[in-house]
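In what follows, a single structure is set out as structure tokens and then discussed.
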Amino acid sequence: QGLERTEHEGFGGGNTAWEEEKLAKYQHRWVPCTWGKFVGGLAAPRTDPLCSHSETRLLEVLEGVCAPSDFTCHQLLERSEEHVEQWWFHERQQHPDFFQWLCIDTLALCCPPGTYGPDCRSCAGGPQQPCSGNGRCDGDGTRRGTGLCVCNPGYGGPFCADCGDGYYEASRNKSHLVCAECYRACGRCTGPEDSSCLRCKRGWVLHEHRCIDIDECGTEMAHCRANQFCVNTEGSYECRDCSTACIGCMGAGPARCKKCNKGYWRDGAKCLDVDECASTEEPVCTGVQEVCENTEGSYRCICARGHVRRDGQCVEDKPPDAPEKGFFDDVTDDEVVVLQQMFFGVMICALATLAAKGDMVFTAIFIGAVAAMAGYWLSDRSDRVLDGFMKGR
């Protein structure tokens, strides 16, 4: 693609002029050449009147070879840099197919299409149309693989030249085979109708070219566990669990039991739950403040209303005894604030009385206390004012 993109671009002057002057072996030359153009994965030779061997053009081509995030491509290109330059400057005329020269002949990483393995052997069905065109050759075009055919859905045989199980030949000629799907019950058939079966899939039996579903449940072909019953399905069967009322059953529900389970009693064809709480004269729950509660197939003993179970015994449901309250336990936050203000007021009054007598020490203490109270009051009030201002009030 890079060669095609740069095919008609001019590379004279600029870097190429410098190449001609400074780099003898990389000088810019226009010469007749032939190179391989990839068409459908194959390299087809193409001849151009003139072909540039400029290193500038080579660098421009290599810039676009790998996607930016394709690390493997960049790694391979770095390892192959010398080979690429060798082909560009010396091998292009003798070996115009770049893929053949680099990947197959020089690096020995690939094989021609239709071949595989270390020796590039032909795939099954031949290299021209491996696997009859109806599958893929394992390892095709690589130095790995087995060469065996992996057929597309609907095709089979060692060369994918036949129709697979469940398919029939819709059309065939010397080079092409079309396989179409049989009726869903047919393993082999001659057409799409349910009357064109030659062999049936598992779970069906052939009768006059039609596949009839086998009832595994009625022919003892089913294998279900002891407490399950069989349900027939198309081509197979299902095992489903019996009702909890049953020990063994012939179908779904408590009316299809072979035998009633413990905790149930038979009423005609149906197994019904036994109410253990009402079925005996003696109480079944004998603990203090215990009552019986019936459950499906059994019962349980629970505590009577207003009681809870603690340490295995049913006791009255009441909160534990609360400890005696202290003197200040019921005092609210607002009351605490009033008490604090009253205490500080009494203290300030006492200090004011002593300061009035002219004692300088008590006067200083009084002034400090007043300042502290004013600061506390103002800081508390300022927080409220600032909060109201932030909230727009």
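Any Cβ shown, glycine's included, is placed from N, Cα and C.
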| Disulfide partner of Cys160 per TrEMBL: which of Cys151, Cys163? | Cys151
| Structural state census, the domain 'EGF-like' (119-161) (DSSP three-state) | 4 helix, 11 strand, 28 coil
| query | When a 10 Å sphere is centred on the Cβ of Cys151 (disulfide bond), how many other Cβ atoms does it contain? | reply | 21
| Packing count at Cys160 (disulfide bond) (other Cβ atoms within 10 Å of its Cβ) | 26
